[in-house]
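J.: Heads up, here are the entries from Swiss-Prot:
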COMPBIAS  725-736  compositional bias 'Basic and acidic residues'
DISULFID  CYS49-CYS97  disulfide bond
DISULFID  CYS139-CYS189  disulfide bond
DISULFID  CYS285-CYS362  disulfide bond
DISULFID  CYS406-CYS453  disulfide bond
DISULFID  CYS496-CYS548  disulfide bond
DOMAIN    260-373  domain 'Ig-like C2-type 3'
DOMAIN    695-1040  domain 'Protein kinase'
CARBOHYD  ASN344  N-linked glycosylation site
CARBOHYD  ASN424  N-linked glycosylation site
CARBOHYD  ASN435  N-linked glycosylation site
CARBOHYD  ASN442  N-linked glycosylation site
CARBOHYD  ASN450  N-linked glycosylation site
CARBOHYD  ASN463  N-linked glycosylation site
CARBOHYD  ASN518  N-linked glycosylation site
CARBOHYD  ASN530  N-linked glycosylation site
MOD_RES   SER681  phosphoserine
REGION    628-676  region 'Disordered'
REGION    722-790  region 'Disordered'
Amino acid sequence: MPIVMDMNMLLMLSLAFTVMAPASASSSRFTQPPQSQAIVENDAADFSCEATGPSGDLHYEWLHNGQQIGYDSRVLQIGSNLRIESVQREDAGDYVCIAASAASGARQASPPAKLSVIFLDAVTVQLLGSNRNELLLKCHVEGASGDEPLQIEWYRDSAKLSSWQNVELQQHRLLVRQPSSADDGLYRCIASNAAARVMSKQGYVYEHLASVAPGSTKCLPKLKRNQKMPESWGKQVFLCRGKRGGSTGMDQSQSLPPSPEGLRIVQGPNDKLIIKEGEPTTLSCLYELPAELQNQRIQLRWRKDGKILRHVELGDAVVPGLALDHGKDALVREDGRLVLHKQNGTLSFNSIIASDAGQYMCQIQLEGHAPVNSAPGALEVIEQLKFMPQPTSKNLELGALGKLHCKAQGTPTPQVQWLRDAANGSLPEHVDDINGTLIFRNVSAEHRGNYTCVASNSQGQINATVAINVVVAPRFSVAPEGPIESSEQGVAVIHCQAIGDPKPTIQWDKDLKYLSENNTDRQRFSFLENGTLEIRNVQAEDEGKYGCTIGNSAGLKREEVRLLVRGNGDGFITEESAGDGFLVTRAVLITMTVALAYIVLVVGLMLWCRYRRQARKARLNELSIKEAGGDQAESGKNTEQEPCLSKQRNGHGKSRTAANGDAQKSDDTACSQQSKASKKSAHIYEQLALPRSGLSELIQIGRGEFGDVFVGKLKASLVAAASPSDKDADTEKQHSNSENGSGASGASGCGSGSTTLSTLNEKRRSKTSMDDIEEIKEEEQPQEQAQSESTADLLVMVKALNKVKDEQACQEFRRQLDLLRAISHKGVVRLFGLCREKDPHYMVLEYTDWGDLKQFLLATAGKVNTATATSSPPPLTTSQLLAVAYQIARGMDAIYRARFTHRDLATRNCVISSEFIVKVAYPALCKDKYSREYHKHRNTLLPVRWLAPECIQEDEYTTKSDIFAFAVVVWELFNQATKLPHEDLSNEQVVQRSLANTLEWSVAEGTPDGLKEILLSCWLTNPKERPSFSQLGAALSKAMQAAEK
């Protein structure tokens, strides 16, 4: 069912798309799209529409059910808004607002807004079932109420019913359980909505069988003239069958005594009254009521065509049960045009309509007596000449049969004729006018033009002109054919070409989701002018069902094709190989048999070898224990204390290996404790080794996720002693492993190897512009200065791994270590080394003299006390803030090019030096200093106010989620870090709105106009629609140049 609904919505939006040219990247956005609404018939409806764009550049159009609206005195376009003065039922449907740019020609369609018309015509009571156990009635309503439910009321005689005892109300139904004589009466229902309140035309009379006595209806055989009824007939029971539409009983009024002579009608309605439609009129009913009858129960009624239209009580008491007659209809309904005056019995009409025509009679009835009736009077209405409904323009398909209706009402009946707006006014060939219906036998191009419908009678003549447009339904000249197979990294071409008049537009979708230049990768997806879709560098996620929808004002057509992506080494069985099925099956069976025999042989050999190894290993272990003594226990203890990062073993371990070479070889064969990847990782960590004695003046600044964080000093000679050739060789090897499929995972499990791309190769491959060449030179210059100043101490940040047995903390420690080890960029802090002689392990990182960026911003904003100056430093200028953001973007772009993600980008995790150089760092002081900026979600501390929705929803971290966080960093910069993002919301509320994709972002005050659009795009829900760091760097560079002017 959801797929069907999505398909209907797809076709509806495609219909609106047929009138639009493809939208460019600069297309407008709707700030106030039209809203769906329900309107009472004949009331006014207003649709608002407003889009962003240069003033005077946009103009608006409206579509109704995919057709352009023809405006008249009732349907008006006021500016960009649409107003319908008197809503009719044919106005119901979907309305779409089109905003078109006069400069670029781009056209944008709003989401459809639905108009529902509320009306109420007639109500009837239907019998669904009647037996001794239950009576079931239904209130059938002809009308519509939009989204609001109809209000149904049930009455028995004049008493309103509710669910009580044996009576149960079920929406439109009335159920009476175990009916008895107490349930006898006339059942009616009243339906009401915003349009009207209408009572059922026909009620249902229920009479319990046990209460009907033989002969109670006085149903006797018809006697001939002068024939007397035998006395025996009065004691017999006769079967009565009334005529169709009649009654088996006698009229109650015939069995009642006549009214007193003083009660009479002096003057009734005129014999015949002719009134024009829309004019007022009055029907007279003058009566005399004696004084002695003032306290009696008397009712005055007006009947139309024998049915009660209005009634009023004349006496001082209310007459129950006199409002309606059993077995007859009632026309009593709320209508402000009719007024019954109690003083003189006059019935007034404020405005006559055509349905008021009929025979009227005035009636007075005293309780228990027969009614007094006036002479009937006829009311004739001269109906105004008008079209019903108004003819509208229409599109006819070339070569098909077309019809255009024109109906008119009036007194006398008008004559309807069609004319063509031409020199002679005659209709073209193969076009006939039959009783006001224009029939086109075979629609051709010459039938295009304006046609006028003329209706005339004795009142005069009216006309309506409509436009006939001849269109050609869209059809495929080249339809998509499939399935289409493509290999990964290959090129897939899906053809779709269409012809028609007007020229059809082509819209592609994948798995019922629209594809356009805005929501696809432009480097891989190309929408050619002829409609063909080309996909370059095919990925596995591109596999799916692709649909091509073509359409114009004549209709829509759609074809689907499936794209299958074949990975390396994968294959598909096609229909061409179906004939060779038997040969393939036989080959598979033979292969499986040989493989099974080989497996059995190998398993047998393995079991035999394993038995021998275990026996030999047991003997050698006994010898090892005797020779090594307690060394083995000490080694095992150290191994247990360091589950994440292994240390190099010295002394006894080496001598034992030399003495028991065969035993060691046997152990490695039996069960290896370290993979090749972990050995290589241990080799890398040995290259990063720093002596703990080289650190001095350690001062704790906070606590992170896996341990304490310090600031201290490191001897520069230890850093200068490291060989750069070793690091280059190591990074070259990492690049080789990455190319062979090892990947560059940003985080791995404890004890597993992790490899990244070489920073050197990234520079050679990605830095091609003059800007990047200068960056490489700037990075090399500090290295030369560091070698010349090897005697000075370096300011460092030290992160300790205290939770050595926490697998999650260990994994995060390794991820940050691999991230900072792989990056060599002036915008990212440098990893100096790793101290692993004893617990806890220390990660030694570069630090700056001015510390973290957030505290610097707070100091310049005057929010913290500075110890080095008597007054607060001045706030940063816009150019300086842009320079900070630009440096952070350059650093994050380097992380992206190394195929890593940061996951916690914020001003608190960046550092700034006195030379105004900003670097991306990773203090992550989530336990104390910045604990209020983290929230525990799914048993993990997360910076939820900086995270993209997919990180909270699916724990999915990508470069696009770092771009989301970068936009929040820019928001912090222009707020001087004095506010938290969404500080009016709690952390739980931020998480809930992120999960529901309802968290709204806006740029900070003071943000340059040139950055607002690209920063807002960083916060889009779809990660594919967010920009890249290179695009952000280019935008920031332009903004810096504009700010300096």
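Glycine is no exception: its Cβ is also placed from the backbone N, Cα and C atoms.
Note that the structure is predicted; figures quoted are calculated from it, not measured.
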J.: Helix, strand or coil by DSSP: which one applies to CYS97 (disulfide bond)?
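T.: DSSP call for CYS97 (disulfide bond): strand.
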J.: Hey, how far is ASN530 (N-linked glycosylation site) from CYS139 (disulfide bond), Cα to Cα, in Å?
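T.: It is 57 Å, counting Cα to Cα.
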J.: Within 10 Å of ASN344 (N-linked glycosylation site) (Cα to Cα), which of the recorded positions CYS285, ASN442, ASN450, CYS548 do you find?
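T.: The recorded positions close to ASN344 (N-linked glycosylation site) (Cα within 10 Å), listed in sequence order, are CYS285.
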J.: Please identify, from the glycosylation sites ASN344, ASN442, the residue with the sparsest Cβ neighbourhood, meaning fewest other Cβ atoms within 10 angstroms.
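T.: Output over glycosylation sites ASN344, ASN442: least Cβ neighbours within 10 Å is ASN344.
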J.: Out of CYS139, CYS189, give me whichever of these disulfide-bonded residues has the highest number of other Cβ atoms within 10 Å.
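T.: That would be CYS189, with the highest Cβ count within 10 Å.
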J.: To the nearest Å, how far is the Cα of ASN463 (N-linked glycosylation site) from the Cα of CYS453 (disulfide bond)?
T.: 5
J.: So how many of the residues in the domain 'Ig-like C2-type 3' (260-373) end up helix, strand or coil by DSSP?
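T.: So the counts come to 6 helix, 47 strand, 61 coil.
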J.: What average pLDDT is reported by the model for the domain 'Protein kinase' (695-1040)?
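T.: A mean pLDDT of 81 is what the predicted model shows over the domain 'Protein kinase' (695-1040).
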J.: Using a 10 Å radius around its CB, how many other CB atoms surround CYS362 (disulfide bond)?
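T.: Excluding its own Cβ, the number within 10 Å is 26.
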J.: Using Cβ atoms only, which residues of the same chain lie under 8 Å from ASN435 (N-linked glycosylation site) while being at least 6 residues apart in sequence?
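T.: Residues satisfying the criterion: VAL416.
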J.: Including all protein chains shown, what's the count of other C-beta atoms within 10 A of the C-beta of ASN530 (N-linked glycosylation site)?
T.: 12
J.: List only the single closest residue to CYS189 (disulfide bond), chosen from the recorded positions CYS97, CYS285, ASN450, CYS453, CYS548 by CA-CA distance.
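T.: Result for CYS189 (disulfide bond): the nearest of the recorded positions is CYS285.
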J.: Measure from the CA atom of CYS97 (disulfide bond) to the CA atom of CYS362 (disulfide bond) and give the result in Å, rounded to a whole number.
T.: 55
J.: What does the structure give for the C-alpha distance between ASN442 (N-linked glycosylation site) and CYS97 (disulfide bond)? Integer Å is fine.
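T.: Just about 34 Å between their Cα atoms.
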J.: Please work out the number of neighbouring Cβ atoms within 10 Å of the Cβ of CYS97 (disulfide bond), leaving out its own Cβ.
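T.: Other Cβ atoms within 10 Å of CYS97 (disulfide bond): 27.
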J.: Do any residues at least six apart in sequence from CYS406 (disulfide bond), in the same chain, have a Cβ closer than 8 Å to its Cβ, and if so which, in order?
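T.: When sequence neighbours closer than 6 are ignored, CYS406 (disulfide bond) has PHE387, PRO391, VAL416, TRP418, GLY436, THR437, LEU438, CYS453, ALA455, ALA464 within Cβ distance under 8 Å.
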J.: Quick one: of the recorded positions CYS49, CYS97, CYS285, ASN450, ASN518, which has its CA closest to the CA of CYS139 (disulfide bond)?
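T.: In terms of Cα distance, CYS139 (disulfide bond) lies closest to CYS285.
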J.: By a simple count, how many Cβ atoms lie within 10 Å of the Cβ of ASN450 (N-linked glycosylation site), its own Cβ left out?
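T.: Around the Cβ of ASN450 (N-linked glycosylation site), 13 other Cβ atoms lie within 10 Å.
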